[in-house]
Amino acid sequence: MQMDRKTQIIDYDGNMIADLKEWMIRNKLANLGFNYNVVAILGSQSSGKSTLLNNLFKTSFDVMNTKLGHSQTTQGLWLSFDTFEESPVSPLEKGNSTTPINPTLILDVEGNDSKERGDNRLTFEHRSALFSLALADCLIVNLWYHSLGNFTASNYGLLKTVMEVNLELFQQDKNCPKTILLFTVRDWFEEFASIDIVKNKIVEEYLNKIWAEMKKPPSAKKANINNYFIVEVVGLSHAIIKKTEFLNDVENLRKKWINELRPLQYSRNIPSDGFAHYCNNIWNTIVKQSQLDIPSQKEMLATFRCQEIKNNVISNTSKMIKEKLTASSSQPTSASIDEFKSWAEKDIVEKSLDEYFVDASRYTESICLKTSEELLESLFIQLQTIVDNNLNFTQRVLSAKFANELNTMYSVCTSDKNVFLFSKESNLQVHKDGNGSNSSKEDKKDENTSQDKCIRLWSSFLSNADKLEYITFCNFFESYQKCNIEIRKKNKIHEFNYKPSLNILLTSICKDMNRIRNTQFTVLLERTRATIKSRFKNMDNLLITTKNPEEYWNHTLKIVKALQESINNNLTKCFINLKGGGPGSSVAGISNELFDHDEDNTFHVDSPSEGHRSISDNRTAHENKHYVDENLLNYKKIDIIKNKGKYISSVSEEIDKQIKNKKAISELNNYYLDEIMDVLKSKLDEISDNLSSIIIQRFESVFNYDDAEQPRHWREISMAELKKIFRESKNYAFLIIDILQKNIKVELIDDYLPNNFIKDEVIEKGKNKAKRKIQEICRDAQYIQETGGKMSLKNVPLFFWVILLILGWNELLFFIRFFFRLNIILPLFLAAAVILSTLFFNGNMEVLSTINKVVFFLAKSSFGFYRQLQTMGEKVAQVPTAD
């Protein structure tokens, strides 16, 4: 713990050591406010400075071991402290013995006239003396009695430097505290001379002489040394020969410091928590502003005072800036942006400069002006935060406005889900200006349908987004220019940094644009796929009538080519506008982000089926390069706005280049083909899943109907003829498998659908299911043929219905009474009548035939049940007769 009571603050090479603040915190010295003092000691090497401080302030500085010879012990500057815990204030002096004593920081300085430093010693000696003078309330000058009269050993040159610098540092400050110059005369004997004589010699032959030789400013010519220094001289006995007297002298000096010399507060007005930083600044100022190894007193003074004035001005204006910053952070408004320029110019910049130049203009002009620039820079740094808040608010508003306007413009496209009704006219030749403009007649025609309006909007998406982006940038700079400040004293305008907010705006615009763009591309793609799907919706019906694979697949190929041509003619410009662009992309540089080009402007695709994936991969591959290119193009827009030039969009030209690029159009056609074939595959998968149903429909289309497409009358057809029809129908039905397996070569389709693309297990499952149903249909036909007229209600004789009514009369009445009791007979009767009438008039003979069978079965069963009941009744009637 004793070792931690001291620390080196400047090393032998003159470098400031950075841990002074931590040392003060550890020793509880950082929270003293102004309630502390600083003492520094100067003197020749090996003159006993550290020994004196250790005895006077109970420190533990290293001292020289004379038994090992004379050498340099203290290197650089060391700092320790004394809290005077065991030394109460004298009641005679202070009137209150319980008053606490402020801690004192003790600065032990490397000795002068060092042999080890040689000829280079003067630079460090002067720097350390200036540093000590800037910090110390009390500067102890340690010298030997027998050196009085010598030049070097008596520190005459050092005293001259100290007095000159002190005058220049503090002459302008009328309230400047006096520095205590405490001369400790070592090895002093009362027998040689009294202390008054020694003090008189030091004051007259040293201090007054130096003061008289100094060049003083006019305001100080009539002043004397007592206006700037409090001079004290103390004689100390020999530390070895008269050790007891020496210790008594030191103790008396300690009491004198506590009760008489010590200022109540630190005279340099530096709070203890800023002392470490203050030391660092003082030392760096001394080191950096030295000329010929000796600081220029005038520049030192100007630097010190201008910095001090600057800091005071900043401190005075910071409160207002903080209040404005709080307001701008919590709830910025358009009004606060408009008001910023006014109060920032008048209340901050102009007021601060006026306050600064009142005091600083008396010092060196170059340093004064340089420090004023530092003052403005400091103010602008604080104001920049408010400007950032204002610009961030502006960019949020503009970003939301951009997204809302672009989204509203394309909302009609999002709501329309209908399939495309393609026209024969190519969309590639329409709206060449990218804005949907052509002849007035064509425009009027385009606006007649929602489809044409959507296509026109999609074809000009990038151009519309580019215009909105430019308008957004213009609005942003209009708000930004309201933030720039005019400095009237310097006749210039300060422009704040807008790039962070602009970059956020750019990113937000890019994200919103790409989000809307991707949404519109999804809508376009879904409608395109729905259109393709609608063209393929009759493919399963075509399978019912198709008689060979060539007919079916040639018809499918015609549909594919027609779709590809229609999409190319009508939607290519839409796809160029809406497809492409990765995160961070903007409307600028569209030709780069659409496809992957090489030097001859060609594309690289592995295969037609890879087209979609290849285009998507290119978006990621060029993302970083595009971001840089697009930023450059966006900043060109900014330069045009700043220079008030005219902006001409190049987006339409880039899109026209893509349309004229044969390779690009070919690549898009491959992409269209990918989408068409994806839908075709889905349709064929759907057909494969319903294979049995289609086989059955094909079978029934031949089996149940003749060549004239009339229903067959099976009761008029022989069994041999029925079997022949069955074989022909079955062969025709199962021909569908050969058709779907595509065992022929088909242009374009072969690249996507191989031969025999339907799995064997799917085919077998469909065939087995279809066979069972076909056999069931055949059995029904055979049954109808075998029963012939017996199954017809028309062939039932009239007398049969009369007999049925007579024999079942009681049962009929029983059921009628029962159902009428439940109130359901009439609704059931009406429902049955409606169903039978509907079936009859719709010609649904199969259902009527089934109902006919059910009725006959019920009639037969009822008649048998009736005969059984009648027999049982007769037997019961015969039993009483027998009895």
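Just so you know, glycine gets a Cβ as well, placed from its N, Cα and C.
Per Swiss-Prot, GTP binding site is recorded for Gly43, Ser44, Gln45, Ser46, Ser47, Gly48, Lys49, Ser50, and the stated evidence type is sequence analysis. In the three-state DSSP scheme, Ser44 (GTP binding site) falls into the strand class.
Per Swiss-Prot, coiled coil is recorded for 673-693, and the stated evidence type is sequence analysis.
Residues or ranges marked as domain 'GB1/RHD3-type G' by Swiss-Prot on the basis of sequence analysis: 33-279.
Taken from Swiss-Prot, the feature topological domain 'Cytoplasmic' applies to 1-795 (among others).
For 841-883 (among others), the entry in Swiss-Prot reads topological domain 'Cytoplasmic', with the evidence type sequence analysis.
The feature transmembrane segment is assigned by Swiss-Prot to 796-816 (among others), with sequence analysis given as support.
The transmembrane segment annotation in Swiss-Prot covers 820-840 (among others).
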Self-check item: GTP site shell beyond Gly43, Ser44, Gln45, Ser46, Ser47, Gly48, Lys49, Ser50, criterion: Cβ within 8 Å of Cβ centroid
Solution: Gly111, Asn142
Exercise. Return the residue, from the listed binding-site residues Gly43, Gly48, with the maximum count of other C-beta atoms within 10 angstroms of its C-beta.
Key: Gly43
Self-check item: Lys49 (GTP binding site): tally of other CB atoms within 10 A of its CB
Solution: 26
Self-check item: Entry from the binding-site residues list Ser46, Ser47 having the most other CB atoms no farther than 10 A
Solution: Ser47
Quiz item: Hey, what's the Cβ neighbour count for Gln45 (GTP binding site) at 10 Å?
Solution: 20
